[in-house]
Amino acid sequence: EKVANEGSELPTAPSMDSHLGRSRHLRKLEHGEQPTPTQPPRQSSPPHQSSQPQQSSPPQQSSPPQQASQPQQSSLPQQSSPPQQASPLQQSSLPQQPPQQQQPRQQRRQGRHGSHSLSDEMAANDDAHTNAQPERQEAVKAAFLHAWRSYEEHAWGDDEVNPLSRTSIKSFGMGLTLVDSLDTMHLMGLSSQFAAACEWVKEELTFGTQEDVNVFEVTIRILGGLLSAYELSSSTPLLDAAEELGLRMLFAFDTPTGLPYGTIGLRSGRRYNPGWAGGASTIAEVGTLQLEFRALSRHTGNPAFEAVAQRIMAHLRNMRRPPALPAGLYPTFISPTSGQFTSQHVTLGARADSLYEYLLKQWLFSSKTDARVRSMYAESVRSIMKHLVKYGGLRCNNCSYIGSWNFYTKAYTNSMDHLVCFVPGMLALGVQQGVLEEVEHMAVAEHLMRTCYKMYADSPTGLAPEIATFRNHERAVAAESQARHNLLRPETIESLFILWRQTANDMYREWGWEIFQAIERHCKISGGGYSGLKDVTQHGVEHNGKMESFFTAETLKYLWLLFSDGSVIPLEQYVFNTEAHPLKIYPEYQAGAEFGYVPEPHEVDEVYTQWMRLPGAPDKEDVRVRSMARAQLLAKTELLQYVRTQRQIKELRFTLTGSAAIPR
């Protein structure tokens, strides 16, 4: 169940500089510079002023326009009959946009210390249509400050806060809520809180002692949070921390298939999967790393991160699949040693959800040039429509929903995780961006959005359960008996935000405002912070005593963006990772470019014929060189030797400074 890390047994590697971007720390040592001695990490407390967060002006708690507790039925999409089965999607074998000319490496690397901020981009977009709802935005901002104050006062530097007992919760050992909330604070203009949090990252955040680290969760929350905040602010210590974390996680990918183990120990060097998973990784764990690792490669100049992430995609494309499994569907568990699925369970909920989301978002991240991942997403949507989307009939007034399915026995479960409520936004984004052109797919997105709203509206508290069930002859969406709790999850708000951006239908803003008001009524703790509920079906609410980091990182961010101007984080220029961290789309991510999809050496000639007809395509020999370099890097001994070299440098730095902290 627990596989020891064998990297320490490898011989010292020769220089990999011919095809690896040099680490910043490696360059310093090779040029004879002595690392600056550092003091052992100190126990810090938040700045004095942070206990009362500073604002340029207090939020206006203006009441929203008067509205009914339930939107008028006449304003909702009609559901007299379910949408027709979608026809097969048109797939293009060619990228839709030609790769652009790359910037010289030196010019691109200037972004580490001199990239322009988000405020500069917004100022340049003066002609954007102004349609913000500032009073509601201020109410959401005030809610964030109420939540942040509880964390700041009772859990500063720890992972999460219990707002009931006013104590900290330790889990990741990485300041989870603080790092996860960085870009939210930056977007909301909370400059003093953002500065204090960045100072904590610079002075206190270290990696190397944490055990039982979930690679997926740390990637989307910590690595994604650091990278997004770096891109928005150009604060170099944030990138320094992201680079260190990425290097320390690379050994998780040392498997025969390239699929990573789900859990690692940064101190012990163990990599393993829990016994209850049968030694397998979840499909979400292996398929939800690609955006963050690609961005990390670009910003550090180190192609190792992009290479290991793309090796996963190559495996998923080329693996042997069970004959009964429809194309485009991925069961929940996959073995990192055999590379085969170990489960027959197919769902868009827990343990699988974000894989499908990232198929679309990898294509968007490539400026719509990676035809292979586009084809994978389109194939998945066709199978989702055929096998997973159901229409209730006598259940929930013929609402649409997505249950789970056993592809072998064909057994279908008429329940839906709240996690599945990311799907309406995903489908709408795919339609708007040109992957799914059929009108039926947008109709399904809108119908599923209504069902996700009903999970809230049909609940006595106005808050959704963790899992909803759809029973015969019941018009309402009911809570699953064993999953009546609410964790303040973001997925419904995320889809409302995307559908609002795509359709400008005010109904989606009204639904979001209703949900926010229910959170304020039932989850707000008077002394500071917010707490999830144990049972949303009870009027006398009982709190669970935990404020999840995704509440400030995702739920409140998406609510604030729902009421924002459309020019704030335009979806044509940014892709949100699955933890709501916006990452900017760069030309280097295009297919064939330096940090984009690159074919394997034996595929270069075949794949390149698709690019030759496009103006501005990358040079064929450049693509071949990058392909050979990545193949060499991905060889087991080469990659492990490179990781070992990084560890030896860190050990040397420890010897020179007498401190476990890595000088930056």
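Here the Cβ of each residue, glycine as well, is placed from N, Cα and C on the backbone.
TrEMBL: automatically predicted annotations, no manual curation.
Among the features that TrEMBL reports, active site is placed at ASP353, GLU491. Annotation comment: TrEMBL describes THR578 as Ca(2+) binding site. Here TrEMBL flags 45-105 as compositional bias 'Low complexity'. Per TrEMBL, compositional bias 'Basic residues' is recorded for 106-115. The disulfide bond annotation in TrEMBL covers CYS421-CYS452. Residues or ranges marked as region 'Disordered' in TrEMBL: 1-121.
For the recorded positions ASP353, CYS421, CYS452, a Cα-Cα cutoff of 10 angstroms around GLU491 (active site) retains CYS421, CYS452.
Counting only same-chain residues at least 6 apart in sequence, those with a Cβ under 8 Å from the Cβ of the residue listed as 'Ca(2+) binding site' are ILE220, THR288, ASP353, SER354, GLU357, TYR358, PHE422.
Taking the Cβ of CYS421 (disulfide bond) as reference, residues of its chain lying under 8 Å away and at least six apart in sequence are, in sequence order, LEU448, CYS452, MET455, GLU491, THR492, GLU494, SER495. For ASP353 (active site), other Cβ atoms within 10 Å of its Cβ number 23.
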